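J.: Mind looking over this structure? Questions follow.
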């Protein structure tokens, strides 16, 4: 009995493990079909995979327990062999009967379970009830006897049979028992280790499967909710599309009616226009004179009104019709494409999910078949599935956002269509209101255009007269004029000098001051009396020290106008070193910069009269009777040869190997002036620390052409900053500075000789041609056509208010007086 109880304990222990596994699996099987009923087809597939996984683990555990059960059965058979020998036939019959009754039940159970798994795919709730009944049958089988020994014991007890074993049988049983006991202890230890190992593996498999199950359930819930939302949105989109189609049909009918109306209206307008044009022909000719004194702005306003009316009557209606049709067709096509795209993406998402589910099933099967896979590999698969699931969720969010955007676009398009329909109605009203005035406006515009053409022709004729009168005025003022400008005291000189002690301006308050008095040193007469020796000078204009560059430019702007009109003009700045010549000519607000600004501003007004001008310029320097190009520093170092050429027909002067720049903008001129100023020859003398040792000549070529009258004018503006004149005794120049000073004084003397010769030639009564010594200096030869026949010349004599420079100031004023006394007669007007 002790042996029998021991074996029963071992057998019952094995069956207890199997029963625990079955109980656990049974609870899962009972719980799972109830949830399958509440989910869709994808949920059923995921649950089916999990059931297969658990059932296979159950089979694995059953195999382990089966091995133990076979071992225990063998031991029990050895122990109970004497007991069962007398009833062997009854035992075999009972076993066969039990197998016959138990095996069919087990087969039915398996078939029923398979049927339940397959039926869940079709959402049938009655199969869930059948699954529940099958599980009850499994529990009933668990409550039955677990092994053959129990069956035999129950059979013997029910029959009341009891038999004692013989001594031989007892010895055999004891010896067999001892042998089997030692063998079974080893086997039990081995099976115990294997059982523990399999239990750990099974536990890990269950944990992983439970985790995967939770993730799949969450995924199913999210996907089902997103899919239901997508279906609702798709249904709403279809309803909106139907409404849009209905509105499209309505708008199409309205478009046809509008086209017929437009065609009739256009035909009637054309007929009316032709009739009215003929009837008003005679009336227009009689009323031309009555509109001669109307203002020019009426023509422009009426032209704009006609353009608006014509555009509103013709092009805008057609354009809006085309836009309406294009918008309707495009909107319908977009709605169809969007709906088809959403349906296609939904189908594609479902297919991808099904494909992914099938892949997961295959992965689970492979995972179950290959038990050697590690836990890390399984977790990697789960993570990859999560990533793919997140991607799908992101795609669903993107589709939802697209759908919302399309709804917003549809709403905005509908509003635009309503606005367009209202606008078309307003256009039709305007067309009806403005149709009557169109013919009158057109006739009036034609009259004003003819009047405008007449006025433009008169304006061109007046422009020619203006140029002639302007030139006559300049010739009356004198083709050679002299302006005197006195520079103010510097801050360092104010405490030491006083302007009133040196210079006086007797007609300072006059409209155009022209007199200047230079106060000399005291002189003692032969009788012993002392008196002030003053020198009075008179020029075309005298500028006091407080005069700025803008007031000076006002006086020379008329000469700039002559250059634009096609004459050669030269403006000189003459004076001793430090008298303000460079400030007058080349400063930021000097005569060169202000002349360029004035020219550009005036050319913009001439452009309205049909004139097109081209400006070109060059900047030269004459140093020691050698010409240099200030715009090309590299060539200055090479010192190329610059020959001067004169064109007698064009009365233009050109220089070889010199850079000529096209001036399209003002900034180009200012950049050129800065570059030229950096390359100029400057040296220090006793008279001035930074004395200009050369003459600079800025030559601006002004070429204009009128596209309507075919008139051409070519003028040249020369702005010259002469080198400072110095007395050798005062400057104390030696060496190179001495040669520079001598060359400067020589060229200035040649300039005076040329001007004096021009005056003599103009006043000569003989018919012989007087000689003008242009070739005595590079400066005078370069400015040949800007000093002589038909040219306008202005010389600034810049003087210093310092008493220490009295003699230099006196010499400069005497030279300027010599130039001012030169009178050049009126020259015939040359066509340009």
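Indices start at 1 and increase along the chain as displayed.
Each residue, glycine too, has its Cβ placed from N, Cα and C.
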J.: Looking at the ranges 284-305, 306-327, 482-503, which is given as coiled coil in Swiss-Prot?
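T.: In Swiss-Prot, the coiled coil feature sits at 284-305.
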J.: Taking every protein chain shown into account, which of the binding-site residues 576, 577, 579, 582 has the largest tally of Cβ atoms within 10 Å of its Cβ?
T.: 579
J.: If you count other C-beta atoms within 10 angstroms, which of the binding-site residues 575, 578, 580 is the most crowded?
T.: 575
J.: Under a three-state reading of DSSP, tell me whether residue 575 (ATP binding site) is helix, strand or coil.
T.: strand
J.: Tell me, how many other CB atoms lie within 10 A of the CB of residue 581 (ATP binding site), whichever protein chain they belong to?
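T.: Step by step: centre on the Cβ of residue 581 (ATP binding site), count other Cβ atoms within 10 Å, giving 27.
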